[in-house]
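Now, the feature entries from TrEMBL:
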type     : residues               : note
COMPBIAS : 1-11                   : compositional bias 'Basic and acidic residues'
REGION   : 1-26                   : region 'Disordered'
DOMAIN   : 114-295                : domain 'Malic enzyme N-terminal'
ACT_SITE : Tyr137                 : active site, proton donor
BINDING  : Arg190, Asn445, Asn489 : (S)-malate binding site
ACT_SITE : Lys208                 : active site, proton acceptor
BINDING  : Glu280, Asp281, Asp304 : divalent metal cation binding site
DOMAIN   : 305-558                : domain 'Malic enzyme NAD-binding'
Amino acid sequence: MNSKMKEKSEAVLDMSPTSTVEGGVEDIYGEDRATEDQLITPWTFVVSSGYNLLRDPRYNKGLAFTEKERDVHYLRGLLPPAVIPQELQERRLMQSLRGYEVPLNKYVALMELEERNERLFYKLLIDNVEELLPIVYTPTVGEACQKYGSIFKRPQGLYISLKEKGRILEVLKNWPERKIQVIVVTDGERILGLGDLGCQGMGIPVGKLALYTALGGVRPSACLPITIDVGTNNEQLLKDEFYIGLRQKRATGKEYYDFLDEFMKAVKQNYGEKVLVQYEDFANHNAFELLAKYGTAHLVFNDDIQGTAAVVLAGLVASLKLLGGSLADHTFLFFGAGEAGTGIAELIALAISKKTNAPVEEARKNIWLVDSKGLIVNARKESLQAHKKSCAHEHEPVNNLLDTVKAIKPAAIIGTSGVGQTFTKEVIEAMASINKRPLIMALSNPTAQSECTAEEAYTWSEGRAVFASGSPFPPVEYNNKLHIPSQANNCYIFPGFGFGLVMAGAIRVHNDMLLAASEALASQVTEEHYGKGMIYPPFGNIRKISAHIAANVAAKAYELGIATRLPQPADLLKYAESCMYTPNYRSYR
């Protein structure tokens with residue numbers, strides 16, 4: 001028998017190892033005899049059966065392998081005898097996750113699951129989205145990024161540092177998948193409201209792409225998370241012995257933009273014109289410039305600017321059922337004039353312009369911004385950053401938010417400041433004195449940076465506030481009525497939006513697509529939701545919501561003539577639903 005096995009091995013590999021007298025295997029590559037400073041070749045044999053199958057997260061099913069599959073794929077003895085279906089595996093894992101008291105421990109457990117059983121990870125996330133979204137995304141992902149060096153176990157995605165300057169295309173080719181459809185990239189300079197986390201910002205692209213699959217239906221193998229490491233100005237990280245990135249100050253100016261330019265050219269060369277590049281958590285001074293520079297020649301999308309804008313606009317459109325009137329009838333005040341605030345303001349102005357046929361400049365007059373120096377007015381125009389100038393209006397300077405609310409009398413205050421507890425009791429009370437139903441949107445993440453809590457908004461407005469936040473808050477009972485806080489989470493928009501672009505084979509992102517996505521989301525809010533004070537539908541329906549958004553976005557791409565997948569499907573909604581990735585186990589031959 002041994003001789004037959006040897007002959008079979010030689011026929012397949014043509015270099016079978018030789019059995020030794022001691023019962024071991026001869027070290028034909030010299031690995032066991034090599035010292036640490038001697039060079040050896042890391043040989044790997046990849047097969048689709050046996051031990052290696054159990055360690056391939058794309059195909060591993062754990063104890064769900066059937067008796068027949070265990071025979072055919074040489075799994076006998078490598079698994080306990082029980083056969084446990086995916087649904088029971090899911091229940092067991094959820095029970096285990098709920099046993100953790102610390103959210104970060106749940107995050108680590110979920111990431112470990114993704115690394116060993118991809119389909120079970122996505123099955124878990126899809127079926128328990130409302131419970132697990134705060135773990136894989138905000139707020140827990142923020143803490144994960146802060147501690148990424150300590151919890152880092154296995155690389156997820158590509159790390160492209162300044163060491164690879166001139167070789168970025170070569171680095172991209174190291175990624176095993178060739179048919180990439182969505183890239184989420186960060187340089188880690190402005191992670192949520194936590195600041196510069198450098199290379200440890202990788203948690204954001206990883207988390208975003210997990211949601212592209214779970215919520216939007218983009219297949220996992222088509223997703224690529226990337227961190228651009230150009231250094232960090234975070235002194236604490238530079239001194240941290242566990243920091244995993246470059247230990248140098250951030251590259252800026254020409255060096256930075258040349259590096260990003262090489263990256264964008266390499267992406268298009270390697271993956272083609274239809275790959276979506278989503279910029280994530282870039283600092284304001286780079287985010288707007290990158291979007292403007294590459295938006296006309298690449299399929300690029302900035303979730304912090306455009307995704308946030310689309311999801312907030314959807315909430316504003318939906319809230320009109322509770323506030324009354326149209327967008328053009330109301331005044332909006334933003335506390336925070338960074339990429340999120342100005343991005344939302346511009347999309348609101350565009351939406352008003354489209355509805356009223358008025359110039360965008362006219363539509364902007366009902367939109368006011370407050371930054372760290374107070375109300376943005378014409379008198380400050382010379383000193384303003386470029387992205388703020390369009391929303392500077394004629395008004396006396398006002399230095400604080402409370403006085404601004406009293407002067408402007410807005411229907412809605414929208415917090416994008418990244419500074420917690422800035423919607424004070426006095427501010428909420430002032431809003432309640434001006435409006436029958438004041439709209440309070442405390443959008444900054446994570447929870448500690450939220451401008452106010454749901455309980456504060458409802459209590460200080462005597463239960464009349466329409467409230468939405470960036471991070472989740474529990475329901476609040478006030479005067480014997482249960483108020484359900486809405487979460488203006490980008491997860492409502494970007495997975496379906498990106499899936500719509502992929503589905504249509506779009507080659508550019510157009511503002512009209514963002515308006516189409518907002519309309520699709522707002523249309524999913526029902527009378528039942530309004531009765532609970534909600535202006536967004538529940539996350540439990542997110543796959544259905546994403547399909548509607550994808551269909552609307554794809555329809556707009558075809559209408560604008562920037563879709564390349566022809567002919568256009570007759571029913572885009574059914575087509576979107578049929579194209580969505582589903583994580584149920586497959587049967588193996």
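Yeah, the Cβs are placed from backbone N, Cα and C, and that goes for glycine too.
In TrEMBL, annotation is done automatically, which means it is predicted and not curated.
Listed binding-site residues: Glu280, Asp281, Asp304. The one with the lowest count of other Cβ atoms within 10 Å of its Cβ is Asp304.
Site extent for (S)-malate: the farthest pair of Cα atoms among Arg190, Asn445, Asn489 sits 18 Å apart. If you check the recorded positions Tyr137, Arg190, Glu280, Asp281, Asn489 against the residue listed as 'active site, proton acceptor', the ones with a Cα inside 10 Å of its Cα are Tyr137, Glu280. Cβ environment of Asn445 ((S)-malate binding site): Thr138, Pro139, Gly142, Leu192, Gly193, Gly470, Ser471 lie under 8 Å away, each six or more residues apart in the same chain. A straight line from the CA of Asp304 (divalent metal cation binding site) to the CA of Asn489 ((S)-malate binding site) spans 11 Å. The sparsest Cβ neighbourhood within 10 Å, among the listed recorded positions (Arg190, Lys208), is found at Arg190. Averaged across the domain 'Malic enzyme NAD-binding' (305-558), the predicted model reaches a pLDDT of 95. The subset of recorded positions (Tyr137, Arg190, Asn489) lying with their Cα within 10 Å of the Cα of Glu280 (divalent metal cation binding site) consists of Arg190, given in sequence order.
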